[in-house]
Amino acid sequence: MATAAAASASEAEPEPKAGPTAEGEEDGVKTARTRRKVLPRAVAAAAYKAVGPGWDQQEEGVSESDGDEEYAMASSAESSPGEYEWEYDEEEEKNQLEIERLEEQLSINVYDYNCHVDLIRLLRLEGELTKVRMARQKMSEIFPLTEELWLEWLHDEISMALDGLDREHVYELFEKAVKDYICPNIWLEYGQYSVGGIGQKGGLEKVRSVFERALSSVGLHMTKGLAIWEAYREFESAIVEAARLEKVHNLFRRQLAIPLYDMEATFAEYEEWSEDPIPESVIQNYNKALQQLERYKPYEEALLQAEAPRLAEYQAYIDFEMKIGDPARVQLIFERALVENCLVPDLWIRYSQYLDRQLKVKDLVLSVHNRAVRNCPWTVALWTRYLLAMERHGVDHRVISVTFEKALSAGFIQATDYVEIWQAYLDYLRRRVDFKQDSSKELEELRSAFTRALEYLKQEVEERFNESGDPSCMIMQNWARIEARLCNNMQKARELWDSIMTKGNAKYANMWLEYYNLERAHGDTQHCRKALHRAVQCTSDYPEHVCEVLLTMERTEGTLEDWDIAVQKTETRLARVNEQRIKAAEKEAALAQQEEEKAEQRKRARAEKKALKKKKKTRGADKRKAEEDDEKEWGDDEEEQPSKRRKVENSTPPAGEAQDLEAEMGLFGKSAPVDVDPPSKQKERAAALKRDMPKVPHDSSKDSITVFVSNLPYSMDEPEVKLRPLFEACGEVTEIRPIFSNRGDFRGYCYVEFKEEKSALQALELDRKTVEGRPMFVSPCVDKSKHPDFKVFRYSTALEKHKLFVSGLPFSCTKEELEEICKAHGTVKDIRLVTNRAGKPKGLAYVEYENESQASQAVLKMDGMTIKENVIKVAISNPPQRKVPEKPETKKAPGGGMVPRQIYGARGKGRTQLCLLPRALQRPSMTAAQAENGPAPQPAVTTSAATEAPKMSNADFAKLLLRK
């Protein structure tokens, strides 16, 4: 059956007519049709040679097969620009200028992925074959290429291959292509192309080798592995020899033992093809594979239904495979996940960790680590793992050093990342040293590396981030420990610790105690005593602890004179510390007293203001009552007043009242004079009408179908009439309740009640819509008394490494202009211009890039740029903590309600804000960043915290201290 299928597939098909229309519209059809013809024709040629009387192994290299010509023609048809010559026109000139710009951009930043892709596309369009080959080669050295880029490159090279040397070059490209990502289509192309060279010496073995490797790589792929199996079987079936039939049997049996989609069709094909009954063992393996397929189907169907990149679905699939524990399938699912999530560092870390701990195959492990750092070069954890893996598998020292140099030029976005990579490399160099020898080449290399690390952090890193990234001087501490413990060089260790203390660490007790412990272990008592005496004088955070350590040492080892000196110094120091603390406490108490007095003054002022307001309100009520009495005496306005009130509540009066109003106007409109109130009095009367409108209590049970609308213009007349058409587009509106002040003025916000909850949810999309020149804010209706921490800020307030904060923009800068500037440094996903409540620009913007690397490069290139005579500042987005209103039961700390920024994570001292606090000093935030409308998460409250006594103020603490 397979032979018949190959023979029928090799029959010629009618080609479409040549011409511009067919060439443009049917290009995809011709490409698919040509690919279908390549393999069967090459296989048929191989079969002809196999059955020919004079064909043997020596004759394999006599001539090329027809399949080679067919494949070259197919590739040429796909990539050839046409028979006509390009004319030099404006389009070509524009392309040349763009090529020059891209080449210049790459000379500045060779890690710009999009520039590489655009340059290759333009060079290919212009027919610059040599340049496009060089551009592809340069890009492949820096980045792994996608399946589309590799297939395009391979087709171009295949179309230009003329002899055996060119074919070997194409084979080398295929070998590079299959190493970047797991790509079944590239393996299939590789197998088809190798079939074209079957007539060369060793061609048959080459084809089988390629297909066997393809099966090892993607043969387990449940949805795409079937094509590889069928192509391999088709090739073997075309060679009609008795020895080949057994190979086809083996391929069928191997395939049926693996869970793949459409297994039933393969089994039916095997039954039809085989002349003998299928063995019972094959049927058992087939049934077992079917059962496995049912277990895998939910995960495969989840991948088919989800949208790329499907990270969550792949993670679940990986967990399932790791529970089963088949290394080949675990490796395959990791590779499949990385095709769509190649820029997710955590996925690479998990994959490399599995290989390091489970498989431990050198070539495989190092290949994955290398691909990881090429995909995510900005992630320091991948580089450190790569260095450890290379050391673990005995890679040459020069190769490891070159890899470390590449890591330094990878462009990390934090200063602490450089400290981490230096520590990993220094640890590696330390493990190479044999400390039993007094001096060695490795020891000198280690010392020079420590010196270079300190200079690099001081010059390169500190110049870029305005900090070295190592405030605790961990690298110098490690160097000092090595010199003291392993090299017995306490003199060098003391010099290093002196340098550490001069860098602002002398005020910390833990630093002095670390130095003291080193002296105790490898120094002498004299230097220990000297270190503790200095610590007593310099320590400011925990002086009592240092004094206690000094007295303990003198009690154990010191003389009476040493003891007296230690007691005198500690008492003097502690007395000075207590005096400073008392002064600080008094100052705190004074500030607290001032705050209490100010709070009392504010409280009295509010009470007086409230009493005055109440008094005015009473007078206004008396005045309105007098006016109503006057109106009742005249009687003319008695019938008009209810009509006006109803008109305010409902924009259209009832029909009967409208007729009465027309009759009244017809009676007095022209024939009789009418007293018309002045505009000021009319405004007062309208305000009085709004004042007298019945108050509608808020019903909390309807919050789910109600939205809160704010930031409306205060000058808006009849808000209900103007807002109703806007919100009725979201669904049926039950009621719109505008809020007025006591004077009857519109306060700029209202409540919109819908009939259905889905209409209220749809209305939230109207947030920031411009109404009469102002952005209208639309948020859920939430009772703040029940949810005091409810937030309506839509954007994240935490560190976002892929988002930039741009300040200093000209007010006339539009979103399109800023996007045109930013997209030169990467793929821009979103741009948000910040405006005030009136909708006017504030000169600020947030730019979101596709990943952290692009954002980091954009900061370096755009910071300090001039736009319309304005010098802009660009930083990684990390807003300071928003002020949280104090609760009534808590008292303000001295200095107001300011929150120390270091609690929430500083944005760094650098102007570009690329630097962050070291991880050793970071503290977790008390509340998670809120990115959507909704209540903020409540911190967990322990039982002890719930039952503790009321908190004491600073003044109470001061009184307690002074009482002692």
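Here the Cβ of each residue, glycine as well, is placed from N, Cα and C on the backbone.
What you see is a predicted model, and the numbers here were worked out from it, not measured in a lab.
The annotation region 'Disordered' is assigned in TrEMBL to 1-36 (among others).
According to TrEMBL, the feature compositional bias 'Low complexity' maps to 1-11.
The region 'Disordered' annotation in TrEMBL covers 53-89 (among others).
Summarising the annotation, TrEMBL assigns region 'Disordered' to 593-656 (among others).
As annotated by TrEMBL, compositional bias 'Basic and acidic residues' applies to 593-602 (among others).
Annotated domain 'RRM' per TrEMBL: 705-783 (among others), in sequence order. Secondary structure of the domain 'RRM' (705-783), assigned with DSSP and counted as helix (H, G, I), strand (E, B) and coil, comes to 21 helix, 32 strand, 26 coil.
Annotated domain 'RRM' per TrEMBL: 802-879 (among others), in sequence order.
Sequence annotations record features per position, and here TrEMBL assigns region 'Disordered' to 879-899 (among others).
The compositional bias 'Basic and acidic residues' feature in TrEMBL is assigned to 883-892 (among others).
Here TrEMBL flags 925-957 (among others) as region 'Disordered'.
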Would you mind giving the whole-number mean pLDDT across the domain 'RRM' (802-879)?
86
Taking DSSP states H, G and I as helix and E and B as strand, how many residues of the compositional bias 'Basic and acidic residues' (593-602) are helix, strand and coil?
10 helix, 0 strand, 0 coil
What are the helix, strand and coil residue counts for the domain 'RRM' (802-879) according to DSSP?
22 helix, 32 strand, 24 coil
